[in-house]
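Data block below; observations after.
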Amino acid sequence: MMTEPVKNLQQKSYPSAFDSAPVEPETASADVFGASSSLPQAGAAGEKSQDERSLGSSAFERGSVGEESSAEPDSFESSPFEPNPDTGQAPALTTALPVISVVVPEKDRLQGVQPATYPSADHTTAIPKISRGERRRNHRWVPTSLKSFVHADQSLTKPMRGMARLAQKQFAVASQQRRDREEYVREKEQAREILNFSLRLSETMFHYGADTVDVDSAIVSVCAAYGLDDIEIDITNQSVIINYVSDIDQINVKTQMMRTVSDSDAPGRQEKKEERFSHTVMRVVRSWSENYAALDDIYKLIYDITTRGLSMPRAERRLLQINEAKKPYSPLLIMLANIMTAFGLTMGLGGSLAAGIAAGLVFLAIHFVNQLIARLNLPSFFNMAAGAGVVTFTAIYISDPESIFASIGVNVAAAHIVAAGLIMMLPTSRLVSSVQDALNGFPLTAAGKVVSTGMSFLGIVVGLASAVMVLGMIGTAELNIEETVFDPANVWVHWIFMMIACVATGMTFQARWKTLLWVALISSCGIWTYNLILLVLGADSSRAATAGAALVIGLASTYLAYRLHAPAAIFFVPGLTFLLPGLSIFRGLYMFTVETNFNSTGVPGMVTAVGIVVSMASGVVLGSYIMQNIIQRVLRPRRNSASGFTETQSIQVLDR
């Protein structure tokens, strides 16, 4: 028979329904990893083995009190047993899930009283085993749905905080897997250090081009991995505000468990009561640099924190190394990649070889103009205006029959060159991100991005109109946009050169070569989906084809992000390049600004271009949500069952 205090404590802490079987000489139990082990019967009353004393003093056991302690589970008095030092291993999670039995060597079997962190009872010979088929039959979807439909809904009676509000997000899935993470006792300075690190991490993510929803879920997941569960985040355009208020009940319980001091060791010393405290930190992001290689490293860092238990000192060092690392490509390679992008877009839109070469040379001129503007630290509005002016002036002048280029036999179509230049100058990532933020529940951030994107777009309008005005002053013939015929390229030519343009665009964003190979695959899938929909529905279904291709790109990008622990944006932003409506934008802008034709072509062309952009962004978001649900409900359970993962299994913590 076990001693009476331990017996009462176990019965009150973990009530059991299995009390019909008699007590055997040996009681089957489970060790901390869920393996079946045999426990010898406790000695006579008043006797206490060394293993029992070691278990009673464990910091992971809620009922670890002395033999004279009260049986009340909510009272924590001083104990003569000091807690064990931190060994760096996460505590086992209290759970009632079925236990998978495995053979354990004799030397590794747990001796002494059964740990109180698992369901137990006096008169239990063995923990019942539930097969996978029985578990599935007990959780059938139809009865559960009918029961939830009949009963009153209690799910929204309190606000959702922390990890609970992150539905199917990339980091949330990883953090929820580490349910047995180490329990921390949070002091004020520790909480502030965690919040400051999370704030620096969010600023770095925004600086390198991460999405708002990813930044939000990353902050919550990183703070939860380090012990701060209930935090509130407010992301508004450029500012990030993080607030944390400690839970006074949990703080008092943890400090009394972990820091109890016996009267004999420190007579007269009173236990210090923890008080509720709050911290609020804020950071404003004022600079952007689309560096997909660094952004990829940031996401892998977050994965190591939320899943592998990377300590915060090591995480801070890695974040510093990421910010100090050089970019993968030199400015010369970036310039060549931009020239290749212009060439590929022009050829993919149906331009001739001469038009493609001319587009590359035109962008070379744009590059030097942008370098001059960058030295003057002018806003992006002037950068867009100068670029649009240069590409429009050069393209229309080269295509003029009376120009010098026509006299030497160079005949090109200006529309393809200008369309390729506009596609390159359009802020693709911000266009997609603004629609994503509006759909994901960040309306103020979406409005701010729409305003900044609109100003950049207005700069393109000003540059195009100014170039046409200068061309009229020097006597160049105006371009008759209504009579211009836009013949699409051959399907194979369209695929090859658009894929080259997408890969070159990813290179301009500083994506690594491995990422560029995935971009080539994803863009190819999108291009063939686009052409297939046009073939089935007809040439007038451009918006439906755009949405379908974007859906495929969103599905593939989200799956790759899950498998490679990378941001989905580094795949879908370059992969969407071929879907941008460069010709529609050029036609609408030219009719709207130059010929002031508001009714026949101008406004309808602009509406068509905006509709294509919205279809593209919404298709990516829809594909992302669909794939996230598939990952959470289908792929991840299969992967966990194949690897033998259980919720009671401890995860090794890195360098704690």
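Note that Cβ sites are derived from N, Cα and C of the backbone, with glycine treated the same way.
Feature annotation from TrEMBL assigns domain 'Threonine/serine exporter-like N-terminal' to 197-469. Sequence annotations record features per position, and here TrEMBL assigns domain 'Threonine/Serine exporter ThrE' to 496-625. The region 'Disordered' annotation in TrEMBL covers 1-91. According to TrEMBL, the feature transmembrane segment maps to 351-369, 381-398, 404-426, 457-477, 489-509, 516-538, 544-562, 569-590, 602-626.
Within the chain carrying the transmembrane segment (457-477), a Cβ under 8 angstroms from the stretch's Cβ atoms is held by residues 380-390, 392-393, 396-397, 400-403, 418, 422, 425-426, 589-590, 592-594, all 6 or more beyond its ends. Broken down by DSSP into helix, strand and coil, the domain 'Threonine/Serine exporter ThrE' (496-625) contains 111 helix, 0 strand, 19 coil. Per-residue pLDDT, averaged along the domain 'Threonine/serine exporter-like N-terminal' (197-469), amounts to 83 for this model.
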